[in-house]
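Chemist: Look at Swiss-Prot and you will find 49, 50, 51, 52, 109, 114, 115, 116, 120 tagged as substrate binding site. Swiss-Prot lists 50 with the feature active site, nucleophile, giving sequence analysis as the kind of evidence. The site 'Important for activity' feature in Swiss-Prot is assigned to 99. The NADP(+) binding site annotation in Swiss-Prot covers 190, 191, 192, 193, 194, 195, and the record cites sequence analysis as its basis.
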């Protein structure tokens, strides 16, 4: 079994391309089902954030898995596959596993060490698990990636003094206005996590008036209440736009929230007063043409790079330590993955032993005549103990040999000596195989 990945991120594609391939939370289940139906796909997870869209596929052949990934991404994008391919990267098993671990640890983020991505990795896995598109290999891989991400944050200072995208947006506004945010009016569009963080950072920086607008007015009211702001209905957005000096927008909408003509009317209503628009949504919330208007400065998520350089050197030192953790956790996963071929033989051996045990217990109980329930349980327990003890050493030694040349010899010997009928499909999600240090996957 192999794991492959394909996708694009902030390093390979600008936001104008990334937004073409972004998946909203509610769109993930049907997308996962479509991907699972691709030829050669045994399991799949889709990770879609503001900085990346990646698909991870468990497959029996790497070439088939990568082909399925590219076909799916091509059909899911508004661009032709030929145009999209220049922005895509494809990763085979070794690179895909290490890449996912680095993503979970925040090492592949635009903001080195940022912590939001770990929650996004966990959510992507949860959605795929609930949709039923994961398998044993992906379950183990994702759980190990999340564990690795937590280890990195616990054992290093990778997230010390780091900044979030929301914080970077506020810092950009502070720089543009030369640290003079006092008395400014800021309109925040959206009431999700990033918008909430932005609103709180704004208050911390001295902004006196924060307007909050959201598709759900109740959520806008709730956020406004926590920061002493004012809630604005989304359909009344244009009425309040002329009051704003800064607009920060981050919604999950699949279409523009602010169009050029709306911004033009707001600017006309306040001649000579500049308007700063910061769009940190993917897909973008603000029509790019709005940035061409006189007096308007429009920034998108890709423009935040200059802000995230703060405190980078300290986090780079932590990143080097984190790479060691990633290497160790990835190697543990590769060992587990490399041992999977022995599992069908172990299952077949246990099943044959269990069948023999059950038959002999029934025969013994019939010969002994009337037995109490307690006596039957004692006989069954004794037979189970004998079987487990007889098989224990063989199974332990087979697992230990799985990563050596002897492993295949042991498998063939057991299958021939015990005349096992082996199902070569992989074990189910609950089958655990321990291969090192007592860690169980």
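Along the chain as shown, the residues are counted starting at 1.
In case you wondered, yes, glycine gets a Cβ from its N, Cα and C as well.
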Chemist: Taking 10 A as the limit, how many CB atoms besides its own sit near the CB of residue 51 (substrate binding site)?
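Modeler: I count 25 other Cβ atoms within 10 Å of it.
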Chemist: Round to a whole number and give the Cα-to-Cα distance in Å for the pair the residue listed as 'active site, nucleophile' and residue 120 (substrate binding site).
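Modeler: Their Cα atoms are separated by 10 Å.
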Chemist: An 8 Å radius from the center of the 190, 191, 192, 193, 194, 195 Cβ atoms defines the neighbourhood of the NADP(+) site; name the other residues of that chain inside it, in order.
Modeler: 196, 197, 198, 223, 250, 251
Chemist: Looking only at DSSP and grouping its letters into three states, which state does residue 194 (NADP(+) binding site) belong to?
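Modeler: SS state of residue 194 (NADP(+) binding site) = helix.
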Chemist: Determine, to the nearest whole angstrom, how far the Cα atom of residue 99 (site 'Important for activity') is from the Cα atom of residue 192 (NADP(+) binding site).
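Modeler: Taking the Cα atoms only, residue 99 (site 'Important for activity') lies 27 Å from residue 192 (NADP(+) binding site).
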Chemist: Within 10 angstroms of the C-beta of residue 99 (site 'Important for activity'), what count of other C-beta atoms is obtained when all protein chains are considered?
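Modeler: Summing over all protein chains shown, residue 99 (site 'Important for activity') has 22 other Cβ atoms within 10 Å.
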Chemist: At a 10 A cut-off on CB-CB distances, which of the recorded positions 50, 191, 194 has the highest count?
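Modeler: Neighbour-count leader: 191.
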Chemist: In the same chain, outside 49, 50, 51, 52, 109, 114, 115, 116, 120, whose C-beta lies within 8 angstroms of the Cβ mean position for the substrate site?
Modeler: 106, 110, 111, 117, 165
Chemist: Determine the minimum-neighbour residue: among 190, 192, listed as binding-site residues, which Cβ has the fewest other Cβ atoms within 10 angstroms?
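Modeler: Candidates: the binding-site residues 190, 192. Fewest Cβ atoms within 10 Å: 192.
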Chemist: Within 10 Å of each Cβ, count the other Cβ atoms, then let me know which of the binding-site residues 49, 109, 120, 195 comes out lowest.
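Modeler: Among the binding-site residues 49, 109, 120, 195, the lowest count of other Cβ atoms within 10 Å belongs to 120.
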Chemist: Measuring Cα to Cα, how many Å separate residue 49 (substrate binding site) from residue 194 (NADP(+) binding site)?
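Modeler: Computed Cα spacing between residue 49 (substrate binding site) and residue 194 (NADP(+) binding site) is 12 Å.
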